[in-house]
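Below is one structure, written out as structure tokens, with a few remarks after it.
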Amino acid sequence: MALQIYNTLTRRKEPFVPLEAGTVKMYVCGVTVYDYCHLGHGRTYVVWDTVRRYLISRGYAVTYVQNFTDVDDKILRRAQQEGTTMEAVAEKYIAAYFEDMDRLNVLRADSYPRATQTMPEIGALIDRLTSIGYAYPAAGDVYYSVRRFAEYGKLSGKRLAELEAGASERLQDEELARKKDPFDFALWKGAKPGEPAWDSPWGAGRPGWHIECSAMVRKSLGETIDIHAGGEDLQFPHHENEIAQSEAVTGKPLARYWMHNAFLNVVNSSGAEEKMSKSLGNFKTLRDLFEVFPPMALRLFLLKTSYRNPIAFSAEAFKGSEQNWRELEEVLQLAGWIAGQGRPATDDIESEPWVRRFNEAMDDDFNTAAALAEVIALGKQLAGRYHAAIHGTPLADPARFAREWRTFALLCDILGLKAAEPEARQSALPEAEIEAQIALRRQAREERNWAEADRIRKQLLDQGIVLIDHKEKPTTWRHADP
């Protein structure tokens, strides 16, 4: 079937028809760079990276743009806490973002526009909104007049009448006094003492968050794009306000397809699920999790649930994904062994039923849960035949095995699942010593001396060796991820 995408704007799945055949213009809202990324951020950018990878695999030329919000109240507060500048804070956490995403094998965007590098375009957009009556200056600020945009609420489904109750209570008195309507939002904020500011026709100040993205989309990709994506928490008010700003100026849709990924929840001490967020203080940074879990196992865990469904994270829930990744990685590392079988594979992998079923799953609104299930099933089949072969049962059809392995590797690549490089996995421990320790552990297990068996396992892990226990075959081992 043709690719179907759930469009938040229309609240239904629709056939994907890009503006220009064969090309996709895609914009993803990036992080506000004031802290390290948590697993919720990991989910967001793994999801959209996988969407991008799949579109590329289907022959589209994808231009993928993701911004950095590098001027914001949170960044200013962090700069004050750390006794440094807003610029230094932004650079620190942008570098940390790239380190984390590289470990999750998230491809680099084609460009990363920053708010501070888009000030002329932001100013021009605000000026245009003011000149056509959609915005007004007020005591050094500039506000967007929400009621002027007749279609406000079309993305989120929210109506102003429903939002009206309590709207004024959410505002500070001095801000409310400057607004013509409690719903209006800031496009430009007048300068405050000690804060960075830029010159403008309305006085020195800095832009509001929503206008930054409207300007960056317009500058990087044009007036209308194919896909605008982000976390579901951005649907309102951020994306709603982007639409109001951009479409008031152009009279054209900002994006043809709006896509939003669901939250990643954590299981709290009472067993209830709650959104992972910095404001709730329940978040786990990616770099902390990397100390405990292999990055690719985290990526696999995030792909096990389709992007529009929430994920409940706990250490217990993660264990199955870690084992899945160990098994998949073992198969991914068979390239050298396959070459040694002496029978090259044919190039015809698109005809493989595995590819067909994988594509059917991904064509159904990027259903990574179903697509990954196909990859895991294929990996288990290949692993079974490989283990039989190394224990004396020759492959019935080496060429077919090689072809299916290439199919497996291709599908893993589309999902962004990548085995660690061999040189990064090396341990100084001699292989003979590893096997000797495994034998001692096997003896301890036979004697039901679980404490000793666990001690040996941990000792090997500390030296970079991961043991993999199997139900019906001897324990195997692999080098740990870097």
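Including glycine, each Cβ sits where the backbone N, Cα and C put it.
Summarising the annotation, Swiss-Prot assigns Zn(2+) binding site to C29, C213, H238, E242. According to DSSP, C213 (Zn(2+) binding site) sits within a helical segment.
The feature ATP binding site is assigned by Swiss-Prot to K278.
Long-range contacts of the motif ''HIGH' region' (31-41) within its own chain (CB-CB distance under 8 A, at least 6 residues past either end) are made by residues 68-70, 72, 74-75, 77-78, 89-90, 92-94, 96-97, 100-101, 231, 263-264, 275-278, 283-287, 289, 298, 302, 313. Per Swiss-Prot, the feature motif ''HIGH' region' maps to 31-41.
What Swiss-Prot lists as motif ''KMSKS' region' is 275-279.
DSSP classifies C29 (Zn(2+) binding site) as coil under the three-state reduction. H238 (Zn(2+) binding site) falls within a helical segment according to DSSP.
When each of the binding-site residues C29, C213 is scored by how many other Cβ atoms sit within 10 Å of its Cβ, C29 comes out lowest. Long-range Cβ contacts of E242 (Zn(2+) binding site) within its own chain (separation 6+, distance under 8 Å): H210, C213, S214, V217, H228, L254. Using the Cβ center of C29, C213, H238, E242 for Zn(2+), the list of other same-chain residues with Cβ within 8 Å runs, in sequence order, W209, H210, E212, S214, H228, G230, L234, H239, N241. Looking only at the motif ''KMSKS' region' (275-279), the predicted model's pLDDT averages out at 61.
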